[in-house]
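Here TrEMBL flags 20, 27, 156 as xanthine binding site. Positions annotated as 5-phospho-alpha-D-ribose 1-diphosphate binding site by TrEMBL: 128, 129, 130, 131, 132. Annotation source TrEMBL lists domain 'Phosphoribosyltransferase' at 36-157.
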Ligand code: G4P
């Protein structure tokens, strides 16, 4: 997606060699016009898949996921990293380890929101080590829901997440694919949409 690549070039910043800061338009301040274009790209990529739910994980997956869910006209569910006061029903639960933050979170979705009739599109802002997406696939599996695909805004293709998800056998559509953040430069390979 050229508009996303251009924006990363313009407003993205490299931190500590392998972390890309995109807080000016995705992860903190949000550009809704760009989000709408991102959602349209995911819609075009998955419109034949019969999607019934969009699933993401808090926090920064929520914004692109809700824009995408609106395009499909389906609900968006975000897995929670802490149990909310009102979450008193049966839960689907798994552990997600963040390599970047070096913490393990227990993530959950109320069982009542996913069922074996659901065809799920998983959306997340970054694909790095793939642990977040793998955890979401596991929650869908616990509900016997089928995962039709994974939509990623920014894939760090030099990290192992993409390979991990392809080995699981899920279709991955990444709008921007970064091959390197070395020497202060953001290098791209061709995106999937
Ligand atoms: P994964 O997301 O593929 O599982 O890989 P990893 O364990 O490395 O990522 C952990 C967290 O770090 C994720 O956020 C992910 O979005 C974020 N992340 C990974 N690489 C980058 C990067 O280059 N830039 C930025 N800005 N974030 C990155 P999270 O812990 O799930 O939560 P949240 O930050 O959305 O709340």
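A Cβ is built for glycine as well, from the same backbone N, Cα and C atoms used for every other residue.
Once the Cα atoms of 20, 27, 156, the listed binders of xanthine, are compared pairwise, the greatest separation found is 16 Å. The Cβ centroid of 20, 27, 156 marks the xanthine site; residues of that chain outside this set whose Cβ lies within 8 Å of it are 12, 19, 21, 22, 125, 126, 128, 154, 178, given in sequence order. Residue 27 (xanthine binding site) sits 16 Å from residue 132 (5-phospho-alpha-D-ribose 1-diphosphate binding site), counting Cα to Cα. A Cα-Cα distance of 11 Å separates residue 128 (5-phospho-alpha-D-ribose 1-diphosphate binding site) from residue 20 (xanthine binding site). Look at the domain 'Phosphoribosyltransferase' (36-157): DSSP puts its residues at 37 helix, 46 strand, 39 coil. As a whole-number mean, the pLDDT of the domain 'Phosphoribosyltransferase' (36-157) in this prediction is 95. Sequence-distant contacts of residue 132 (5-phospho-alpha-D-ribose 1-diphosphate binding site), defined by Cβ-Cβ distance under 8 angstroms and a gap of at least six in the same chain, are 57, 61, 96, 98, 124.
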